[in-house]
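I have placed the structure first, in the form of structure tokens, so that the comments after it can refer back to it.
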Amino acid sequence: MLTRRNAKQSQRNSADQSLSEFNSSSMTHGSNQSVYHHNQHMDDSEMMMDEQDYSQYQMGFPEEDEMVEGMMTPRAVHQCNVCNKIFVSYKGLQQHAVIHTDQKPFRCDICSKSFRFKSNLFEHRSVHTGFTPHACPYCGKTCRLKGNLKKHLRTHVTTKEELEAAWRPFASNRRPPADIPDDAIVLRGAGGPYYTPPPRPKKKKLGLGEPEHWVDKLRRGDLLPQVELEDKIRRLEDTIFNNMSLERWGNLFEIAKSIAFETHDCPVCKSQFMTRMDCVSHHTLEHENHREGLEFFCEKCYRPFADEASYNQHMSYHTRVSSLIETGEIVPQPADPEILVPTNDEFQMLFGANFGQQMMEPQLI
């Protein structure tokens with residue numbers, strides 16, 4: 001094995017041998033070419049070429065960074081083939097593609113409400129937990145959603161600059177949109193799902209036999225307890241007696257409407273409403289084109305049924321009532337029942353003379 005000194009000596013010998021071969025080949029190159037020999041009296045400094053003169057013979061080899069930049073292929077970006085929005089990564093296109101579908105893969109474990117994005121599910125969970133993580137730095141008020149906190153901050157500041165300064169600690173830390181190069185290659189595509197969608201279970205429709213379903217609704221407080229009519233009237237009387245701001249009959253009727261004699265559930269999202277009209281209005285606006293799973297649906301009661309047998313049994317009740325009305329066995333009550341108007345003496349006894357005069361004005365009845 002050669003030592004380091006022997007290796008250097010061998011490299012020096014090979015260099016001298018190459019130089020001698022070059023000189024011999026130059027001398028015998030041709031008779032027409034002049035051969036210049038080294039003058040023994042020439043100083044070594046004269047043999048050295050000036051650095052400035054030598055620079056003109058250097059070849060312009062590009063630097064490493066210049067080679068990489070020149071040899072790089074144009075960057076590819078991804079464009080949605082539905083709305084033409086451009087994303088710098090395919091992952092971003094996949095996350096965006098769910099907007100153009102009806103898929104809501106992220107479901108709440110408590111109320112089974114579904115969302116398109118996981119961030120929306122995280123915000124929704126605070127409805128059940130009561131967690132209010134966003135606190136106002138001025139008054140300490142806490143908010144469930146960050147957007148509500150920004151609205152609240154406007155009550156403490158007067159200018160836009162102050163609002164931006166107060167909102168800066170709570171602002172999102174997402175990266176700003178990236179600039180798209182001019183020579184970028186645009187790849188159009190649908191993106192496909194970013195996740196593996198689980199099999200969507202069919203929603204269990206309301207039926208007559210499934211006690212577990214009704215027990216769950218009772219535990220969640222979806223069903224109101226059974227209250228006697230006398231208790232409901234007593235609550236209405238207490239509301240009237242404790243509310244001294246009544247001035248018109250219309251106000252009294254509005255208060256009476258708030259008593260929930262019966263609730264109606266939306267057949268799609270199971271939201272509760274006090275009246276059938278509110279339930280129908282909600283279903284028309286929020287679920288206009290959603291008729292999936294409503295094969296056995298009563299339009300009169302606005303309720304779905306689990307199977308055809310339950311639906312037919314329910315519809316037979318409507319048929320029976322209609323036949324009883326046609327035969328005169330049942331007399332339908334008017335839509336607007338008669339109102340028992342108290343006398344002036346009764347109003348004066350309850351609220352005083354001035355209040356009784358206001359309530360008994362003919363144009364307000």
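Cβ atoms are placed via backbone N, Cα and C, with glycine included.
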(message) Checking feature assignment: zinc finger per Swiss-Prot, candidates 134-156, 157-179, 180-202. Which range matches?
(response) 134-156
(request) Out of 106-128, 221-243, let me know the one Swiss-Prot marks zinc finger. (result) 106-128
(message) Counting by DSSP secondary structure, give me helix, strand and coil numbers for the zinc finger (106-128).
(response) 11 helix, 4 strand, 8 coil
(request) Using DSSP, break the zinc finger (134-156) down into helix, strand and coil residues and give each count. (result) 8 helix, 4 strand, 11 coil
